[in-house]
Amino acid sequence: SALRLAGGRSRCEGRVEMEQGGSWGTVCDDAWDMADAEVTCRQLRCGHAVRVHADAAFGQGGGPILRDEVGCQGHEEYLWECPATTEHDSVAKDLGCGIGRSIPSSVSPPAEHQEWRLSGGRDGCAGRVEVFFRGTWSTVCDSTWYRTEARVLCRTLGCGEPLQKLFFHHTLPSRMVYECESLQPSLAHCRWAYNKSAPCHQSRAVGVVCNGTET
């Protein structure tokens, strides 16, 4: 089995879809709640669920309906470990399986959506910090990157706490800088600047190893 979010602005936003037997299908649930969304986000390494949607907010989807009445407690590792039924009722079907989640930002409007990943490490919890912003992936400058910034990122990715700071070369065309005065829900809630030369002058691209990484 595999899981994905479809119809959103990034891989961490959208309609919940599951693969089973080589085919992708939808997950219907008119009682979808934060516990169900939390398991989904954690499985996809998308941090913590912030908001759930219904009424086909990300489109109706297609394929077979593979799960209905999902009842996660919130601690499960995979969505398919949660109690559910393979039968669906007419209400869930009429909703078009429109369940999903998004990360609202109090700093930037929806068009300024940001998504993060750790690239080049042993898994998704270690590597070079990269941010998807304005349609492209950027590296992050180390000039204002300290433990608070690393803690925010590791927690956002569902990777625990930071263990080690890493340094890389800037090999992507754009650069981002963050400065967090306190723990925030995501780096987008901190002070940030995009492609500003002064904060990134003679900087290196920062990386991090979080304690949720595989050993």
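Residue positions begin at 1 at the first shown residue.
Heads up, the Cβ atoms here are built off N, Cα and C, so glycines get one too.
Curation does not apply to TrEMBL; its annotations are automatic.
Annotated features, as they stand in TrEMBL:
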DOMAIN    3-108  domain 'SRCR'
DISULFID  Cys72-Cys82  disulfide bond
DOMAIN    116-211  domain 'SRCR'
DISULFID  Cys180-Cys190  disulfide bond
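Confidence across the domain 'SRCR' (3-108), taken as the mean pLDDT and rounded to a whole number, stands at 70.
Counting only residues at least six positions away in the same chain, the Cβ atoms of Asp36, Val39, Val70, Gly71, Cys72, Gln73, Glu76 sit under 8 Å from the Cβ of Cys82 (disulfide bond).
Here Cys180 (disulfide bond) comes close to Thr148, Glu149, Val152, Leu187, Cys190, Arg191: these same-chain residues lie at least six apart in sequence, with C-beta atoms under 8 angstroms from its C-beta. Sorting the domain 'SRCR' (116-211) by DSSP state (H, G, I as helix; E, B as strand; all else coil) yields 13 helix, 42 strand, 41 coil.
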